[in-house]
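According to TrEMBL, the region 'Disordered' annotation covers A:1-31, A:400-428. Per TrEMBL, the feature transmembrane segment maps to A:51-70, A:76-96, A:108-128, A:134-154, A:161-179, A:191-213.
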Number of protein chains: 2
Amino acid sequence: MKGKKGSLVIKISIPSEKSPKQESGGDDSSPAARKWAREVWEFGKEDTNRVIFAVKVGLAVLLVSLLILIRSPYDVFGASIIWAILTVAIMFEYTVGATFNRGFNRALGSLLAGIFAVAVMQVAMACGHVAEPYIIGLSIFVIGAVTSFMKLYPSLVPYEYGFRVILFTYCLIIVSGYRMGTPIRTAMERIYSIGIGGITTLLVNAVIFPIWAGEQLHRELVGSFNAVADSLEECVRKYLADDGSGGQPDFSKNVMDDFADEPSFRKCRATLNSSTKLDTLASSAKWEPPHGRFRQLFYPWAEYVKVGAVLRHCAYEVMALHGCLHSEIQAPYNLRCAFGPEILDVADQAAELLRSLGKDISNMKQSLHTSLLNRVHLSADRLQASIDMHSYLLTSGHDFPAHPLPPGQPSDDKTASGNCNAQPADSYHEAMRKQQRRLFSWPSREVDDYEDGGVHDSEAIQRMRTLESTAALSLATFTSLLIEFVVRLDHLVDAAELLAKMAKFKEEAGKS
Amino acid sequence: MKGKKGSLVIKISIPSEKSPKQESGGDDSSPAARKWAREVWEFGKEDTNRVIFAVKVGLAVLLVSLLILIRSPYDVFGASIIWAILTVAIMFEYTVGATFNRGFNRALGSLLAGIFAVAVMQVAMACGHVAEPYIIGLSIFVIGAVTSFMKLYPSLVPYEYGFRVILFTYCLIIVSGYRMGTPIRTAMERIYSIGIGGITTLLVNAVIFPIWAGEQLHRELVGSFNAVADSLEECVRKYLADDGSGGQPDFSKNVMDDFADEPSFRKCRATLNSSTKLDTLASSAKWEPPHGRFRQLFYPWAEYVKVGAVLRHCAYEVMALHGCLHSEIQAPYNLRCAFGPEILDVADQAAELLRSLGKDISNMKQSLHTSLLNRVHLSADRLQASIDMHSYLLTSGHDFPAHPLPPGQPSDDKTASGNCNAQPADSYHEAMRKQQRRLFSWPSREVDDYEDGGVHDSEAIQRMRTLESTAALSLATFTSLLIEFVVRLDHLVDAAELLAKMAKFKEEAGKS
């Protein structure tokens with residue numbers, strides 16, 4: 001009985017153990033499924049164009065299928081109409097321009113393949129029945145090898161798909177022509193069929209809620225401007241706020257997990273990697289007719305790529321600034337705070353200019369950025385002047401980190417670490433100037449020490465001092481990179497203004 | 001007569017004018033054709049894999065076509081064998097891994113499409129003849145929309161081709177099944193046919209002179225190491241050799257024409273843009289069986305991508321150094337020469353370490369790089385110490401450019417501009433130390449001037465001085481970036497050693 005009871009207990013306990021598992025399993029899978037569904041929903045909501053695109057593809061395939069599902073067109077076109085479906089499935093691209101481009105590739109490829117096939121077929125038939133299969137086989141080999149070689153050629157890479165089309169269309173026409181003996185009819189039927197598929201694709205893609213590559217390119221470029229501006233601000237703010245207490249996470253770990261705590265940086269790096277995307281969109285946009293906001297014939301899409309290239313060269317400086325931020329040798333927090341207001345001013349002005357450029361492109365307005373550019377230059381000059389005036393802090397201030405901070409600079413107040421920029425600049429500069437005089441009258445004892453002997457004894461001290469000095473110089477690096485960024489903004493403004501001029505953006509007299 | 005003569009002269013002169021034109025036109029077109037042919041020849045010679053690939057495609061297409069050209073297999077397989085040709089043309093990729101990947105996409109896509117089609121067909125037939133076309137039409141629409149939406153989803157983007165295959169295979173099977181009434185037989189015939197095409201493609205691609213994605217990835221990574229090393233050396237050498245007399249070409253022009261005079265820089269920038277290429281090759285390489293030098297099962301191809309990412313983070317510093325080189329504010333030539341030997345030493349050591357890392361990966365050897373790394377660190381320390389010791393030159397030396405150079409420094413000898421590094425460092429440093437003492441005893445008159453008044457008068461002078469100081473600081477930036485580059489090398493060595501460990505490279509005891 002006891003054993004039975006025991007087994008009973010066990011029996012009871014097993015299901016009771018299982019049931020929560022099953023429940024939790026059920027809970028796990030149900031939220032997982034729900035989470036997945038929500039993710040898909042969010043993905044669609046994020047950009048409704050994705051849903052539109054999907055519905056359009058469904059519609060285009062359905063339309064072409066109707067030609068077969070309904071009796072009368074099937075009787076007219078026959079079985080070769082299935083090629084129309086293949087054409088839709090292969091040709092339908094996300095943007096109108098890409099679809100046009102692919103359609104052009106397919107049309108030209110099919111046409112060339114048809115011409116080759118008919119020509120070779122005539123030659124083969126003229127050579128008699130024995131030679132015919134050899135000639136056809138040789139021609140297939142040659143076409144296969146030549147198209148494959150040509151599509152690797154750098155300038156022909158964009159037409160890769162066209163070469164594929166030539167290859168398989170040629171093979172299909174010539175082989176079925178050989179077996180059925182009517183190459184021209186086979187070619188013609190296939191071309192009709194492909195034409196129907198192609199036209200359906202183009203119409204559905206370009207007429208029903210068209211997704212223009214030009215519009216995408218436009219938005220992508222504007223987004224890049226904002227990404228670089230955000231990233232610059234984020235980087236500078238983090239540089240000034242970081243008092244070294246938190247400790248930087250390991251660099252190599254960061255490289256792997258994409259600096260998870262810096263969303264703008266990731267966007268900026270995405271901008272750096274977006275050159276291919278811009279190129280693709282621009283080459284697709286060239287195929288699009290004037291549309292929407294871009295009513296000009298021969299709209300200068302290539303200029304977008306150029307502006308993107310100059311912007312990327314600005315973004316390289318942001319990457320270098322970011323490198324300074326994550327560098328292992330860091331300028332002391334006090335020193336960073338000392339130049340905080342000026343650095344922040346330059347970054348804010350530069351970011352404002354970037355956003356203004358982006359906004360003008362976004363609104364297709366043409367306005368002069370001279371006043372903004374002047375302000376950026378002024379603040380950069382101020383930063384330079386400030387660095388110049390207090391340059392002793394950067395290099396000869398060997399004992400700077402040990403110095404007590406001037407009154408009014410809350411160094412040990414950690415809650416104020418983010419607010420060091422609120423410090424009025426003038427009073428602090430006043431205090432620094434006094435320090436400067438003291439330093440200039442300082443005897444260069446330590447250097448003499450090193451020179452006259454005791455090198456072995458003071459090597460460790462020397463090493464320490466070098467590190468400290470380099471730490472201070474890292475601030476000079478940060479500011480130099482920032483100033484170099486500002487210098488590159490000139491080129492960016494030039495490129496953006498050239499784009500505005502060539503694309504004939506609306507001129508705005510009020511803004512200067 | 002005179003008029004006639006004149007006209008005769010003119011008449012004569014016209015053809016004589018034309019004929020050289022025609023001749024030159026003939027010469028132009030013939031060398032153009034010859035040039036083009038030579039270019040194509042060079043393109044093939046540059047990488048014979050291209051020719052091998054082209055011949056292999058031709059062979060694969062020919063093999064499949066034989067199934068139709070020869071009577072007996074055609075009698076067995078029938079007309080549906082043309083799908084084998086389509087499969088070869090679409091599936092044949094450059095590398096073995098990519099072909100396997102595409103084959104997998106095609107096989108799974110076709111299988112899923114076949115299953116869907118048969119299932120829907122059964123349902124549709126069960127619903128009676130009236131409802132059948134509606135159900136089929138609806139299912140085509142749904143499949144078209146769902147596959148198109150899913151292929152946009154970021155994690156499913158690599159399977160884009162698979163979704164395309166599902167879509168068109170489904171449509172083809174269900175539509176021709178509807179018209180011919182034998183969906184299962186249609187599906188089966190097509191799957192046989194696709195199978196034959198796929199197997200032919202895989203065999204030809206993997207057996208005859210296979211081009212492995214893993215090998216390509218391996219070479220690409222080694223090439224990246226060399227590109228970064230070359231670019232670093234090129235950049236540093238140019239920085240030290242440039243005496244400002246030549247004048248930098250316009251920056252924005254350079255952005256457009258890709259810095260035509262700096263081949264290594266372009267390679268380095270290509271490295272920065274190669275992240276997609278490495279990803280693609282690594283994802284292809286995963287599909288490849290153990291082969292050649294890579295005999296380990298589950299070879300860590302993903303580590304290559306990680307090493308590439310760390311290397312890219314090193315290359316960002318090279319880009320920033322390059323930015324310094326092309327910056328508009330430049331440190332005076334004398335100053336650059338002063339630190340020349342140390343800068344050059346760091347660059348050479350760093351480049352040597354990079355090349356050694358690249359060579360070890362290339363030879364699949366595992367060796368310790370501690371001695372090389374130590375040497376790089378030592379030279380970086382030396383550079384830091386040197387900068388620290390002469391930091392007055394960088395910041396407070398307002399009038400440095402006007403200073404006469406110490407004896408032994410040929411400043412006006414332009415032919416020696418590239419040789420300034422040959423200067424023995426010690427004697428120059430000796431001279432600088434003397435200068436340093438002088439500067440430290442210098443009264444800080446100019447700063448006092450600025451402080452006590454006369455700000456408006458001396459504004460222009462102040463501006464000039466600031467520029468000069470910033471110019472000198474740009475050298476500090478250059479060296480800081482170089483040192484940051486060295487710091488990042490640690491991470492690179494770690495990543496490379498992890499790769500060596502995981503890929504079980506041969507250990508080499510002799511080297512340290």
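Quick reminder: no glycine exception, Cβ is built from N, Cα and C everywhere.
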Contact set, same chain, for the transmembrane segment (A:191-213): CB under 8 Å, 6 or more residues outside the stretch:
49, 52-53, 56, 59-60, 63-64, 67, 77, 80-88, 91-100, 103, 106-107, 110-111, 114, 281-282, 284-285, 287-288, 291-292, 294
Grab the same-chain neighbours of the transmembrane segment (A:108-128) for me: Cβ-Cβ under 8 Å, and only residues 6 or more beyond its ends, written as numbers and ranges.
135-136, 139, 143, 161-167, 169-170, 173-174, 177-178, 183-184, 187, 190-191, 194
Determine which recorded stretch among A:51-70, A:76-96, A:161-179 has the most C-beta pairs below 8 angstroms with the transmembrane segment (A:134-154).
A:161-179
What same-chain residues lie close to the transmembrane segment (A:76-96): Cβ under 8 Å, and 6 or more beyond its ends?
53, 56-57, 60-61, 64-65, 67-68, 102-103, 106, 189-190, 192-194, 196-198, 200-201, 204-206, 210-213, 216, 281, 284, 287-288, 291
